Structures are given as C-alpha cells and as structure tokens.
Amino acid sequence: MEAENPGIVKLKCCVKNYDWGKIGRDSSVARLYARNSGEEADDSKPYAEFWMGSHESGPSYAVAVPVPGDQGENGVPNGSHGSGNDCKLVNLKDWIEQNPSVIGDKVLQKWGRSLPFLFKVLSVAKALSIQAHPDKVLAEVLHKQQPDIYKDDNHKPEMALAITEFEALCGFISLEELKLVVQNVPEIVEVVGNACADQVLHTSKRDGEEKSKEILRSIFTELMSAEKVVISEAISKLISRLIIKREVRELTDKEELVLRLENQYPGDVGVIAAFLFNYIKLSSGEALYLGADEPHAYIYGDCVECMATSDNVVRAGLTPKNRDVQTLCSMLTYKQGLPQVLKGVALNAYTVKYVPPFDEFEVDQCFLPKGTSAVFPAVPGPSVFLVMAGDGKLQTLSHEELVAEGDVLFTRANTEITAATTSGLNLYRAGVNSRFLGESNTT
C-alpha cells in the first residue's frame, strides 16, 4: 500500500561541471547548488547545469522525515538538512514509483510512474555544441544502437527562459538571408562549391518551401561533412578577413559572434556554420522553445530550462564531445525563419506562465515583492519549485515549509500552494502542461 505523503517535499539536486559553465561563484548554478547541498563552490571549477528531476544521469533525492542516527538502508544515502538532524534521502524516481498518486492519475496514465519533465538552471560562459534532439522514434533507435552515448529512449523537446540576457543560435536563417551569406561569406562557397551556392542564388519563394529546404539541407550537409583541413583553411581565411574588415568598418553582430566562437573553438566547423543559424538575444523573462530535430546552440547567459525527461543530444560542432554529423544532418527539419519568442501570460500581479506546445511541461515565473503572496492553484499533476533568490514560505492547507535561495521542492498533484514572503522571493515552477491537464490556470 502506498505510504502517506506530504504535499511538499524538499529535494537535494544534482550539478554538472561541463567545461562551458561559468566558473565558481560567478555561476548562478554554483550558488544554487551550494545552498541546496551545503557544499562550498570551488572557484576553480565550471558549474554549468543544476538538474532538478528524476533522470538517472542526474537524479534528485527527496528529503524524507528526519530520522536521528539513521545509517541508511538498501544503499539509500543519508544527508543532513535544515535542523542538522540526519535525514534519509530517497531517490526521487524510486519515491514516485513507490507513491504514484503524487503525480496524479492523468500523468500516471500518460507517462507511467515517472516525472515527465526535467527542470534545470544553466550558467553558460561559452558556447554549447551545435545540436538537436531526436524525436521519440529516432531516440528509441539511437538508444538501442548506442546506449553509452544516447542514454535513454525518450524525445527531448525543451524551453529556455532567460534569467539574464541570453544569447543563442536557433533554427536556420531564411532563404533571403541565406542568399546574402552566399554572397558575403566566400569561405562557405569555397567549402560547399559553386554549384551549391548557385542553387541558393537561383531559388526563390515561388519554388516552394520543400525546394528551399532541399537546397539548405545540401549546403549544410556539405559544410558539416567537409574534411577538417578544408574547414581549418576556410576558417583561417574567414578570421583574417574579418579582422581586417573590423579595422575599417563595424562588423555585424553575427561576424562578431563568429570571432568569439573561433576563440572558444579554434578551427571548429561550428564557427563557420554559425552563419546559417538565427542569432537570438533574449531579454530576461523571454523564452525560446525547441521541438525535436531543430538545431540550436546556446552561446552565453543564464537561463531556466525545462524539457521532457531525456538527456539525448545529437552534436555536430562547437564541442569536444562525441559528434554524429550524419545523424544530425539527416534528422533536421530544415525549417527556416526566426523562432517564436514567448513573453508569457500574466496569471496575477506577480506570476507569469510560459506554455510551449509540448504536453510534458510548462514554467511559471513568480517574483514576489516584500510582504506579498501568490497562490498556485491545485492542478492534477506534480510541480517542482525552485527558489532562485530571497526567502519566504510555501504553504498547503495543512503544511508550511520555510524556503530560501537554492531550495527545490516537489509538490504533489491536486495541491494548492501559497507562496508568501516578508522580504522578497523569486520562484520558478515547472509542471505538466496546463493544456494537457485541462487546466486554464489563468486566474
């Protein structure tokens, strides 16, 4: 029989020290992890991602009822939290499997005994890889063929919500912009060939979207598949040309970005491929969402990220990690044009909701000034709350939990939560998409 469960459970969460992360206390991830874990940040290490969820590559642990002197059982680790008493930490995935009612019937029927979303904070100091995430069918194939690289069989639609100004490459540029690239970046033409370039220049919107996609696929695949020595020579010419150009006139934002990328990843094909992608700058409070098979690369800044519970990434540039150029080039949609930027919908004076077109997740941003409160209505799915800054309390009808920066809390389905503060509180909430749950959540 399932055990009685509180409406709010604190979580101990996982950190990732990828080399593109911000260093030590300059990283929001480092500060959050230090407060969440009680460990001091190492000022010599990069802190890239703070994971909140049940994925086996970075599991969270539910902080159980304090058990003084408990030494753990069945390999479950112990830890301390709050009062200094020993606390048993239970793997969140295991805890949900043992207590499925906490995620609600609708979520249980759709995804089984698991949390369908993974919540993260990213602190990006240098560019992440040019990458895309496979759809469900391809994810299952890749996981079966290469389980050491593709860790699970799930798809990974995702959304990035900017905390600071946040830079990203996202999706392919339009046909008209592609023509300008062919005309103004001769180094790309040298790599892909004149025939490829002429196809771009002699194509128009009247030829149809599929024709445009076919030509884009051809030029991108030629570029990404070129020999390293060819790419290295092209980038050398490109950088020399841009440095000379900078002395006589101002470079474009994309050209300045290319110089930055070359400093970070010398000779990498992703440096020159950046010309083919949209360069996006999000302001704090703006969000991008990315479906399966859409190319992107985060460049700089801090964001909250939410996605389906997966760690599947197909990479092809700007990375020292495994590259799978053939898979990436074959899987992409080659959709062209600027991505949609979400600004969110205000639920009340303090809370804004971001709802992407994916069943697995949505995100709320809640900034409470001194002496205020906000209600998160009961929904038939689970939520994960992150305290980004400040302090206060989260309350159910029968329980109150004091919270401060770095605290992460799981709240069970069908639980109304009131957040309140006397001094100021910044919260983010991840939950299952309201449209899937049939909840408007607009009051």
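Start at 1 and count along the chain as shown; that gives each residue its number.
Keep in mind that glycine also has a Cβ here, set from the backbone N, Cα and C atoms.
Per TrEMBL, these features apply:
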DOMAIN    8-172  domain 'Phosphomannose isomerase type I catalytic'
BINDING   GLN131, HIS133, GLU158, HIS296  Zn(2+) binding site
ACT_SITE  ARG315  active site
DOMAIN    354-395  domain 'Phosphomannose isomerase type I C-terminal'
Additional residues around Zn(2+), ordered along the sequence, whose Cβ is within 8 Å of the centroid of GLN131, HIS133, GLU158, HIS296: ALA132, LYS156, LEU290, GLU294, PRO295, VAL313
Cβ neighbour count within 10 Å of HIS296 (Zn(2+) binding site): 23
HIS133 (Zn(2+) binding site) CB neighbourhood, other CB atoms within 10 A: 26
Integer Å distance between the CA atoms belonging to ARG315 (active site) and GLN131 (Zn(2+) binding site): 4
Distance from HIS296 (Zn(2+) binding site) back to ARG315 (active site), taken between C-alpha atoms, in Å: 10
Tally of residues which DSSP labels helix, strand or coil - the domain 'Phosphomannose isomerase type I C-terminal' (354-395): 0 helix, 26 strand, 16 coil
Chain-internal residues near GLU158 (Zn(2+) binding site), provided their CB is under 8 angstroms and they sit 6+ positions away: HIS133, TYR289, LEU290, GLU305, CYS306, MET307, ALA308
Protein Cβ atoms within 10 Å of ARG315 (active site), excluding its own: 22
Reported mean pLDDT - the domain 'Phosphomannose isomerase type I catalytic' (8-172): 85
